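Reading through the structure tokens given below for one structure.
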Amino acid sequence: MEIVIRAQFLGFTRWFFTFMTISIILPIFFFPDIDDSFLAKIFTRYIFMVAILISLGYLLLLLKLYEAISLILTLLIFVVFLRLPKNYRINALVEMKSRILIHLYDFLDGIPNTTDFIRHFVLDLRKKVANNLEKITGIDVANSFLLLFVLGYTSYLTFSDTLQHAAPAMTDYVTLARMKYIDQSMFVHGISPQGFEIFLSILHKFAGCDALYILKYTGPLNGVLATLSMYFFMEKVTGKKLSGILSAFVFGVLGSALSPDWQSQGSTNSLVFGIIFLFLSWYFAISFMKTHEKRYLWTVAAAMLINGYVNTYIYILSWSMFLFLILSYLIFDAGNSRLASRDLFLVSFGSGIVTLLQIIVSLLLGKKSDVKAADLLTFNLIPSIKKFGIIDEIAILGFILFLLVAILQNKEIHERIVAFVLFILGISSLLLYRYIGINIDNLNLTFVFGVFWTLLASIGVGLLLGLIQDNFEKYTPIHILEYCICFMAMVTIILFSRPSLPQPFKIQYDQEINQYLRICDEYCNSEWVMVSEEEGYYIALGKGGYINISNFLNLYDPRTLTFRKEVNQEEPFVSDYFIFVQKKLFSNGMYINEALYKERLKNYEAIEKWIETYRTAHQNLSIYYKDDFIEVYHISLSRTSEDNFRRIWGF
């Protein structure tokens with residue numbers, strides 16, 4: 001257990017440091033500063049960084065050059081040329097080389113003095129921090145406290161399963177396999193977008209920890225970032241921080257009250273990752289149509305590119321919003337928005353072409369539709385619709401009142417168009433979820449429609465609070481009172497509703513994952529083989545060998561531990577075999593059918609007999625781990641240097 005805890009801590013530390021470096025720190029140096037809010041700067045740079053990384057990942061994979069060093073070099077070259085003026089890029093690399101050498105020689109000669117450099121850097125940093133602290137008001141503190149409270153509780157919900165259970169969610173095995181195949185420069189799992197898996201693979205290459213940690217920690221973090229992007233979108237659209245906080249609260253904390261399939265928040269999937277960029281693409285599209293500034297358009301292009309790379313459903317929802325937005329501007333404000341509408345349409349259309357290129361390239365490579373992966377993704381979906389609740393009613397009321405107020409108060413044309421577009425999106429998603437999703441024979445679409453309504457319902461609730469706050473401010477000058485009421489309301493809702501923790505379905509015992517991590521810690525990669533049922537393949541892939549139990553029984557003679565005479569294939573040359581046996585067959589009551597259940601029982605009974613036969617003929621079998629649920633047997637083959645020599649040279 002001590003080995004497992006140490007491995008978990010090291011895995012989390014490496015993952016966190018890598019994610020922060022790639023997503024937050026490096027973009028600060030790579031991309032120029034912009035005149036915007038703190039969150040807008042962070043999200044803008046994050047969008048460009050992810051878009052570039054996934055694009056480079058696809059390119060290097062197609063060229064069979066997908067390695068950490070090639071990623072670093074191509075990223076540096078791309079960013080250097082991006083930051084330099086167009087008429088200066090020809091000699092950029094030569095001058096960069098000269099500057100690096102000059103700075104290196106100066107450093108070796110003690111010019112400038114390192115101590116002075118650090119002292120000046122610290123003084124400048126202290127001055128900037130002091131200036132920012134002087135600008136902070138009580139309202140800013142209250143807003144930050146409430147936002148951190150919402151994000152903290154969302155983190156508790158999303159990370160609860162990850163921290164309590166070693167086994168990943170059922171749907172995560174497909175993501176894990178795709179990520180590991182991409183690590184090996186292979187597209188194996190069909191023609192569906194794999195941008196999310198490429199991003200995970202890049203994190204894995206630089207973190208240097210087991211891919212399982214990247215998978216388990218990135219998913220819950222995406223849920224938190226999606227909640228933060230919801231806050232950002234609503235705060236910018238309404239101009240009310242409380243509106244953004246309440247929308248984030250409904251989305252991140254009360255999501256299970258809106259959709260029965262909200263357990264996806266506790267797993268790692270491309271849908272939640274795409275939601276982050278969905279809200280961001282909406283905000284920057286609205287900002288571009290209002291200001292016509294090109295920097296917003298380029299940010300929209302990058303966000304839409306990510307949506308296309310990551311998840312088709314998210315891309316379609318982004319496109320729907322853009323279509324409504326463009327048509328609304330052309331109808332109500334054609335004179336001032338014709339060129340902007342054209343540019344936004346071209347950007348969206350261009351990202352669609354890039355998205356289709358993924359499918360075209362996959363088809364040219366001989367890939368087929370990823371039916372098996374799609375089936376696995378629907379195993380844990382519940383074909384049910386939540387009863388129409390108070391949150392749904394509040395959301396609909398919010399959309400209606402927000403539109404009516406924008407029209408009756410004769411607000412600016414931009415605000416009226418945004419209100420109209422949000423109203424159309426809200427009502428459309430409600431109809432899709434309530435009346436179409438339940439009547440179609442497709443669990444995947446039912447699930448997606450439920451998630452879409454959860455997103456829009458959270459927006460509707462925030463819109464209503466923004467209207468209430470407008471009227472509240474007319475009667476009280478004490479703005480801090482609004483935050484106190486909002487905080488007490490959120491605490492009361494949590495105490496009485498007790499939001500349910502996401503509980504993704506499992507297909508393995510936690511002990512099996514813990515023993516896999518222990519094996520990885522104690523034995524060299526590629527020198528051991530895991531013998532287990534099918535789910536063990538996804539776990540061992542890229543680390544050790546894998547043999548399915550039924551195949552193992554058919555291939556190996558227990559008296560010799562060599563292939564049976566009738567087997568005409570080459571044996572794996574490894575030193576250690578680990579046989580995983582479930583003493584109590586794992587079943588969550590959802591994914592396993594009766595035939596599969598009986599087959600696995602039969603396999604485990606047969607492997608027990610195989611082990612007994614082997615034990616009588618050999619002395620190198622031991623019990624590696626044992627408890628009430630599983631038993632892991634270890635067969636150690638002492639391979640000498642002569643054995644390795646003969647194996648390599650065929651003597």
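Cβ from N, Cα, C; glycine included.
Taken from TrEMBL, the feature transmembrane segment covers 12-31, 43-62, 68-84, 242-259, 271-289, 310-332, 344-366, 387-407, 413-433, 445-468, 480-497.
Same-chain neighbours of the transmembrane segment (310-332): 54, 192-193, 195-196, 270-271, 273-275, 277-278, 281-282, 285-286, 289, 303-304, 338, 340-341, 344-345, 348, 351-352, 355, 413, 416-417, 420-421, 424-425, 428, 448, 452, counting only residues six or more beyond its ends whose CB sits under 8 Å from a CB of the stretch.
Here the transmembrane segment (43-62) sits apart from the transmembrane segment (480-497); fewer than 3 CB pairs are under 8 Å, leaving out pairs fewer than 6 apart in sequence. Residues 43-44, 47, 50, 196, 199, 219, 222-223, 225-226, 229-230, 232-233, 236-237, 264-265, 296-297, 299-300, 303-304, 306-307, 310-311, 313-315, 317-318, 321-322, 325, 329, 337, 340-341, 343-344, 414, 417-418, 448, 451, 455 of the same chain lie 6+ residues outside the transmembrane segment (271-289) yet bring a C-beta within less than 8 angstroms of a C-beta in it. Same-chain neighbours of the transmembrane segment (242-259): 143, 146-147, 150-151, 153-154, 157-158, 223-224, 226-228, 230-236, 265, 386, 389, 391-392, 450-451, 453-455, 457-459, 461-463, 465-466, 469, 482-483, 486, 490, 493-494, 497, 499-500, 502, counting only residues six or more beyond its ends whose CB sits under 8 Å from a CB of the stretch.
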